[in-house]
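See below for the structure under consideration.
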Amino acid sequence: MPKRISLTRYLVEQQRMDGHIPSQLRLLLEVVARACKRISQAVNKGALGEVMGSAESENVQGEVQKKLDIIANEVLIEANEWGGHLAAMASEEMEGIYVVPNRYPQGEYLLMFDPLDGSSNIDVNVSIGTIFSVLLKPEGVGVSEQDFLQPGGKQVAAGYCVYGPQTTLVLTVGDGVAVFTLDREQGSFLLTEENLRVPEDTKEFAINMSNQRHWAAPVQKYVDECLQGKDGSRGKDFNMRWVGSMVADVHRILTRGGVFMYPWDRREPEKPGKLRLMYEANPMSWLIEQAGGAATDGKQRIMDITPTQLHERVSVFMGSKNEVERVTRYHREA
Ligand code: AHM
Ligand code: MG
């Protein structure tokens with residue numbers, strides 16, 4: 001068995017050798033990883049831990065909250081609020097920002113997260129995850145929601161933890177993508193892959209096909225061509241996968257290629273898409289780009305979008321570069 005490097009050592013080396021991350025950011029990422037371990041334990045207990053089912057509340061998006069959504073949100077806040085590395089946090093499960101209480105020291109970072117992505121899969125024992133994104137707070141006194149409204153290109157760290165057959169943490173600090181697997185006996189994340197690459201071409205796409213009749217013409221055209229396979233203009237057969245947890249679908253694509261799409265559709269025409277820009281699309285876009293893939297909203301690079309609201313939504317096309325370029329081209333030509 002090879003001797004594995006722990007997440008702690010990986011981060012120390014990033015700080016020491018490459019000067020990629022300041023010590024406060026290293027501390028922050030360690031704390032996020034610790035919180036993910038706690039969430040992983042709760043997920044693992046399932047019905048034995050009374051964490052299944054719905055709570056009697058809705059989040060700001062009007063979605064019914066699952067008990068685990070709330071537990072994961074609390075775990076992330078409690079783990080991160082006292083360390084002195086953060087100024088504030090924002091989450092899918094909270095309407096406004098959570099400013100670090102003044103009984104604790106204030107740090108210079110902003111943390112955003114989707115504490116439990118793929119909520120509809122909790123009760124059926126299918127992979128779910130936590131997605132996170134870190135920004136630097138702009139200079140100035142205090143902290144406000146406005147400070148969070150920075151394009152994804154300003155992220156200083158991003159990642160996710162997927163709670164599946166294994167618990168896997170995937171991270172970028174702008175120096176490629178590293179993968180850590182949770183060793184439950186040791187209780188630590190160990191580096192299992194570095195410099196992940198997404199193949200430029202693929203024969204696999206991921207989209208919720210039940211929404212087909214609601215899509216715009218460019219998405220119809222792209223998926224139609226995939227479905228025609230060898231009999232159509234693409235000259236190859238495509239396979240389709242849809243877990244219904246963005247973390248799991250994007251993890252598959254980071255591992256073996258593919259294209260993930262959650263486009264705008266006519267069900268809610270006033271919304272640009274279902275997924276949230278700041279704590280779902282941006283961190284995933286950066287990971288995908290760091291692995292050599294691409295991520296657009298159909299027209300522009302997702303990470304170039306300047307958000308105007310915390311819970312802003314966006315259309316998403318990400319994964320293997322040549323496929324993302326093709327579906328983006330169809331949008332531009334339309
Ligand atoms: P959530 O953050 O409330 O769990 O919602 C986001 C999820 C994504 O993980 C996934 O890609 C998508 O919603 C699935 O949507 P659908 O149920 O329409 O297939
Ligand atoms: Mg989500």
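Cβ atoms here come from the backbone N, Cα and C positions, even for glycine.
Record check: TrEMBL places D114, D117 at the Mg(2+) 2 site, and the matching candidate among E268, E270, E280, E289 is E280. In TrEMBL, the Mg(2+) 1 site is described by D114, L116, and among E81, E92, E139, E145 the residue recorded at this site is E92. Substrate binding, as stated in TrEMBL, involves D117, G118, S119, S120, N208; the candidate among K37, K45, K274, K299 given for that site is K274. Only D114, D117 of the binding-site residues listed as D114, L116, D117 bring a Cβ under 6 Å of any atom of ligand 1; the order follows the sequence.
Annotation for E92 (Mg(2+) 1 binding site): same-chain Cβ neighbours under 8 Å, separated by at least 6 residues, are N59, Q61, F113, D114, P115, R276, Y279, E280, H311.
When the Cα atoms are compared, K274 (substrate binding site) and D117 (Mg(2+) 2 binding site) turn out to be 13 Å apart.
Within 8 A of the CB centroid of the Mg(2+) 1 site residues E92, D114, L116, the other residues of that chain are D69, A72, N73, S91, E93, F113, P115, D117, S119, T130, I131, Y279, E280. Within 8 A of the CB centroid of the substrate site residues D117, G118, S119, S120, N208, K274, the other residues of that chain are N121, G244, S245, M246. With a cut-off of 6 Å between Cβ and the nearest atom of ligand 2, the binding-site residues L116, S119, S120, E280 reduce to E280.
Sorted by the number of other CB atoms within 10 A, the binding-site residues K274, E280 start with K274, the lowest.
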